[in-house]
Every structure is written in structure tokens, then in C-alpha cells.
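> Let me begin by handing over the structure; questions about it come next.
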Amino acid sequence: MEGHRKVELSEALALGPDWRHACHALLYAPDPRKLFGRIPMRFAVLMQMRFDGRLGFPGGFVDAQDSCLEDGLNRELREELGEAMSAFRVERSDYRSSHIAARPRVVAHFYAKRLTLEQLQAVEARAPQAKDHGLEVLGLVRVPLYVLRDGEGGLPAFLENSFIGAAREQLLEALQDLKLLDPGIIAKLKIPDSK
């Protein structure tokens, strides 16, 4: 979404019928484990490798038969992540933000859903059996929420990847607002320009 800008949900929902709505969700869970026995994981955060080679969040376009944004999002999550998604539902209370882009005329709505680590691991385990696995979705990845001693490995290296639309900005905003990442780490990050 070139030239995307953030808008309020009410403004996004008031746009005319020539606008398409897409919904995506950051799924996360507390993770008490430590990498190599010393680097706290804090949280597990899922993203996916998309068919176009970019990183993004699971979700997709809301269809005419979907009664609301969240129905469309939950349908897309089941298609992309499989039946483990039936154990919970992303609701309006999980809504975070909306971004619009004039070309194409798309509104991207962003949600964040907290799961248990067991629920998140079930999603990861069953995703390869999902309808869209190997097609729209090439695989799931966890976001490394740490910085290695060299100052480049972990999250800084992850952010160098190519992200779709506003996904990088949505990720960083959610990490900060949901307190999934130590604030000191965010302050030290060199955020690459959107690719």
C-alpha cells in the first residue's frame, strides 16, 4: 500500500463502495522460555511469508457475504492458518488501527489477539494443513523480540526484510503499545524505510 495513511475506524467504514476492506491480525502469546538459556523470549509473535515474498500478517479481504469485518477476518484466518483458529475468535475488542491507500483503494484494518502459548503452538502445528498453505501463505515465522550482542541480529535483522503495505509499522506500533518489547529496544532500533 504505497502512500498509506492511518485513519480512524469510523472514517474507514464511511468510505464508499468502491473501497475494499482487508483485515489482518497479529497473533501473540506470552513465552517464558529463554533462547540459549539466557535471552528472554518474552512473547511469541506470528507473521507469515506471503505468496509475493513479503512478510505480512495473516488475514485478507472481507467479502460481501461476511456480515462484519471480524467475520471476514476470522474466515480468512481459518483459510490461511487452519482449523486451530476455530478454538478462538478475533473480536472488535482486538482492533488496533486502520490504514488507507488511494491506489489501490484498499483499507487495511489491523487487529492483535493474545493467545496462550499452547493455542499459538497449535496454530503453528496445524497451519501446514490449511487450505491456503503453500499457495497464498508460504509459511509462518516468529518475530525475534530481542537484539543480539552484535546489535544487528534478532529484531534489527528481521526488520530489514520486505514487508507488505503498513505491516512493518503495524508490527512496531503493536510491539510498543502492547508492551511486547522492552521500550529500550524500540528506542535503539534503526527502522529501515519501507520497501
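Start at 1 and count along the chain as shown; that gives each residue its number.
Here the Cβ of each residue, glycine as well, is placed from N, Cα and C on the backbone.
Checked Swiss-Prot, it gives:
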BINDING   H24, R50, F57, Q170  substrate binding site
BINDING   G59, E80  Mn(2+) 1 binding site
BINDING   E76, E80  Mn(2+) 3 binding site
BINDING   E76  Mn(2+) 2 binding site
BINDING   H99, E173  Mn(2+) 4 binding site
DOMAIN    18-173  domain 'Nudix hydrolase'
MOTIF     61-82  motif 'Nudix box'
> Taking 8 Å from the centroid of the Cβ atoms of H24, R50, F57, Q170 as the cut-off, which other residues in that chain fall inside it around the substrate site?
A25, L26, M47, Q48, L55, G56, P58, G59, A108, F110, I164, G165, A167
> I need the least crowded one of these binding-site residues (E76, E80, E173), counting other C-beta atoms within 10 angstroms of each C-beta.
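Each of the binding-site residues E76, E80, E173 was scored by Cβ atoms within 10 Å; lowest is E173.
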> Among the binding-site residues H24, R50, E76, H99, whose Cα is within 10 A of the Cα of G59 (Mn(2+) 1 binding site)?
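Checking Cα-Cα distances against G59 (Mn(2+) 1 binding site), the binding-site residues within 10 Å turn out to be H24, E76.
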> Checking the binding-site residues H24, H99, E173, which are within 10 Å of E76 (Mn(2+) 3 binding site) at the Cα level?
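If one measures from the Cα of E76 (Mn(2+) 3 binding site), the binding-site residues that come within 10 Å are H24.
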> What whole-number value in Å do you get for the largest C-alpha pair distance within H24, R50, F57, Q170, the residues recorded as binding substrate?
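Answer in Å: the longest Cα-Cα distance is 16.
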> Sequence gap of 6 or more, C-beta under 8 Å: which same-chain residues meet both conditions with respect to Q170 (substrate binding site)?
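Correct list: H24, L26, F57, R96, S97, H99, F110.
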> Check E80 (Mn(2+) 1 binding site) against DSSP and tell me helix, strand or coil, would you?
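Assignment for E80 (Mn(2+) 1 binding site) reads helix.
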> Far apart in sequence but close in space: which same-chain residues, 6 or more away, have a Cβ under 8 Å from R50 (substrate binding site)?
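Within the chain, R50 (substrate binding site) has Cβ neighbours under 8 Å at G56, E136, V137, L138, I164.
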> Rounded to the nearest angstrom, how far is the Cα of E80 (Mn(2+) 1 binding site) from the Cα of E173 (Mn(2+) 4 binding site)?
24
> If H, G and I count as helix, E and B as strand, and all else as coil, what does DSSP give for H99 (Mn(2+) 4 binding site)?
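DSSP call for H99 (Mn(2+) 4 binding site): strand.
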